[in-house]
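Take a look at the structure set out below.
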Amino acid sequence: MMRGCSRSKSTQNLDRTVCMTNCPTLIVTVGLPARGKTYISKKLTRYLNWIGVPTREFNVGQYRRECLKIYKSFEFFRPDNEEGLKIRQQCASAALNDVRQYLADGGQVAVFDATNTTRERRETITVFAEQNGFKVFFVESVCEDPEVIAENIVQVKLGSPDYTNCNTEEAMEDFKKRIKCYENSYETLDEVLDRHLSYIKIMDVGRRYLVNQVQDHIQSRIVYYLMNIHITPRSIYLCRHGESDLNVKGCIGGDSGLSPRGKEFAKYLRQFIQSQEISDLKVWTSQMKRTIQTAEAVSVPYEQWKALNEIDAGVCEEMMYEEIQQHYPLEFAMRDQDKYRYRYPKGESYEDLVQRLEPVIMELERQENVLVICHQAVMRCLLAYFLDKTAEELPYLKCPLHTVLKLTPVAYGCKVESIYLNVDAVNTHRERPEVGIHTYIHTYIHTYIHTYIHTCMHTLI
Amino acid sequence: HRCDWLHAILSSVPQLTNSPTLIVMVGLPARGKTYISKKLSRYLNWIGVPTKVFNLGQYRREAVQSYKNFEFFRPDNEEAMQIRRACATNALKDVVIYFSKDHGQVAVFDATNTTRERRISIVSFSKEKGYKVFFVESICDDPDIIAQNITEVKVSSPDYVNCDKDEAQADFLKRIECYKQSYVPLDDEKDRHLSYIKIFNVGSRYLVNRVQDHIQSRIVYYLMNIHVTPRSIFLSRHGESELNLLGRIGGDSGLSPRGHKYATALGGFIKGQHIKDLKVWTSHMKRTIQTAEHLGIPYEQWKALNEIDAGVCEELTYEDIQENHPEEFALRDQDKYRYRYPNGESYEDLVHRLEPVIMELERQENVLVVCHQAVMRCLLAYLLDKTSDELPYLKCPLHTVLKLTPVAYGCRVEHICLNIEAVNTHRERPGNVDVTRDPEEALKTIPEHF
């Protein structure tokens, strides 16, 4: 949710700082190894950054790897290993120090990703947060299903830097012993003892949740997000509508139908989808003709979302870039200066687009196999979410016509396959031009003088 | 027309479920089940999911014309048990009709449902019919909250119309005792295959099990955001704007001199209310921001609170619209809720974009929302449970503050007119909405302007 914050004076086009809480929030993961803490941390961080809440994760394991350089074996984690404990304590402190720095420097949420399995450790963190004026929210992952844990280990532990020199069995054995080291001292968040803490306990990969004392808006959003994600294998297919008549003319926006090549693409899309043999595929389109016509050709039931409509270019709707340059040179230049935040007069910005796409992302998280037939700017926003791209990169992501992106979540990220369906189309991608402030002043003066001279000549005549 | 076709496939809300959902309340009396049922139903209807509450107490009152006392609820009262079972059966029969004939999508079965036996029979009933079941259990052991509940909604119930307050209170407490013996809460182990949310002590803690689909996820999110802390919501439009004076819709103009006067008066009114921790929200448009500026309180701007986008009709007068787009004008009068201005929005779109505002309003306490006519109608419709037919015609005049205070199962509304003159911007539905109508018939209900 993006609301501009009022500072002392009202400014019309308010900055994008979201005022969800007054104080920063420290999210603290809790759980034995291989319970999905890092998976959750990274995913949550990606989501919060995408909706405009500056977030960063601090993985204590990483600090330990930097400190220790070489990981020998699980013995490091034995509870009676005094030296090991000291180093781990130092790493946790170093991480918390960086958290403090980050939240003081404009960060709004920090995710402290570690086991934090003892009440004592959590108490230390709570005190640290209190001293610094941070709100604390715990995210505990509890899971006893041996299959899920084994799968976890295979997916993300075996490939960890800790086990580069081990074979699969050795790594698996060692990691299991590592988990054992934590088990004895593990104190789960307790309904009575911890009733004053704010937390969500996720049980059995999302079958059950216990939510306690949600303090504010951002925590409520975090809970909602965590309750909607799942780890069932699936793929998300993103593509644009087939080439449209306005695309061919080089015009942006509008609501035209498909060109002949666009219709051709739709047929190939249908073949491609059939060849993928996807179980229970959901198909989503926008409410604009070109995506609907594309879906119609695929011949599967589809749902229309207004939220998937292309970015509204306001006064520039249906213009060619050359026309925009001619009629609105200043606007054109300003857009190139900050393409993410720039809002077309009477239209939208990419930033607005992200906000209206948030329910789409939430539902994409809930679903399994989905094909989203949308538009260039919309697809850039969705892609930025899945591939963790920044606001600077987002408006320049390449989303060419007639190409399907197949995204498959794997480990901590997303595998991307780009499938070009071999039907020619115009290129609608405009790179960031080399624009300096002098260039657009030059343009402005040029246009002003041109108009002035033109007017003078008119008067003379 | 165009709107129908698009609407038929999908509008603001994606296909939430294919099968209807039966929400089953669970809990002792005076635990807020009816409060939750009504509020949830109001929210779901507002976002476009046809929902209805089936309150067992009402069926019982119809079956047993006059309530004597708590003895009716004694577990050893065989005759009463039979009547109560019959009522439950009738209620479920009505649920079937609601789903199959009335196109309902969600039914809320508001009863105690405190025994495992009763819940099992509901689950088999639903399975047989192909309904999804989601339980909402409210658990509360705080005697203060329970006493407060009883005072707010039980003492004034039809059951106690001939009793004084203390008699009613005493009888109701005995009624609760009747249920306590046989109350079996949803169990972590035994009920692990059911879908449910358990709400503890009015929301300090929740247990959520096996959410099956989108609608259940939305219901859980909503239930986790509502609270019962007393507070008031103030709704007001911006002060009269320059475009208002000219009878033009939309646009982004500043306040007229009278509009500025209103803003100052609003500031005075707010100060006089001595509201604790008031949050002020505006849209991104000049006229609401200028209004808020006069309040001298920090305010937050929401793009979602911007006025409805009138597309090609932006900044036109109604006379202009009649002249340039007579057919569109008529179509709008035919179905003002769903009608979407070309290149613009419909009220239905507006509701969809206001949903996050409503969610945050639920989380907050004292809030003043400075917004626009169509936006205010949508918010008001949510708070006062108005249908989509009534919504676009709700009266939201300029220079008037509405103070809404939740009370019992609804909302008390106070209209406070700040006595600064302004144009009227309310256009009633004209008698003739046919596309073939004469211009005079279309323009009949247009309010005066300069």
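Note that Cβ sites are derived from N, Cα and C of the backbone, with glycine treated the same way.
Since we're looking at a predicted model, the values are computed, not measured.
Look at TrEMBL and you will find B:12-230 tagged as domain '6-phosphofructo-2-kinase'. Summed and averaged per residue, pLDDT over the domain '6-phosphofructo-2-kinase' (B:12-230) gives 93.
The substrate binding site feature in TrEMBL is assigned to B:R237, B:H238, B:G239, B:E240, B:S241, B:E242, B:L243, B:N244, B:R287. According to its DSSP assignment, B:H238 (active site, tele-phosphohistidine intermediate) is coil.
Taken from TrEMBL, the feature active site, tele-phosphohistidine intermediate applies to B:H238. With a 10 A radius on its CB, B:H238 (active site, tele-phosphohistidine intermediate) counts 30 other CB atoms from all the protein chains.
For B:E307 (active site, proton donor/acceptor), the number of other Cβ atoms no farther than 10 Å from its own Cβ, over all displayed protein chains, is 24. If you look up TrEMBL, you'll see B:E307 marked as active site, proton donor/acceptor.
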**Q.** Pairwise CA distance, B:E307 (active site, proton donor/acceptor) versus B:L243 (substrate binding site), rounded so that it is a whole Å
**A.** 13
Q: Take the Cβ of B:G239 (substrate binding site) and count every other Cβ within 10 Å, whichever protein chain it belongs to.
A: 30
Q) Largest pairwise Cα distance, Å, within the listed substrate binders B:R237, B:H238, B:G239, B:E240, B:S241, B:E242, B:L243, B:N244, B:R287? A) 14
**Q.** Non-site residues, in chain order, whose CB comes within 8 A of the mean position of the CB atoms of B:R237, B:H238, B:G239, B:E240, B:S241, B:E242, B:L243, B:N244, B:R287 at substrate
**A.** B:S253, B:G254, B:L255, B:S256, B:G259, B:L398
**Q.** Where B:E307 (active site, proton donor/acceptor) falls in three-state DSSP terms
**A.** coil
Q) With every protein chain in view, how many other Cβ atoms are within 10 Å of the Cβ of B:R237 (substrate binding site)? A) 29
Q: Rounded to the nearest Å, what's the C-alpha distance separating B:H238 (active site, tele-phosphohistidine intermediate) and B:R287 (substrate binding site)? Just drop the number here, would you?
A: 6
Q: Count the Cβ atoms, other than its own, that fall within 10 Å of the Cβ of B:R287 (substrate binding site), considering every protein chain shown.
A: 29
Q.
Using Cβ atoms only, which residues of the same chain lie under 8 Å from B:S241 (substrate binding site) while being at least 6 residues apart in sequence?
A. B:G251, B:S253, B:G254, B:L255, B:S256, B:G259, B:R287
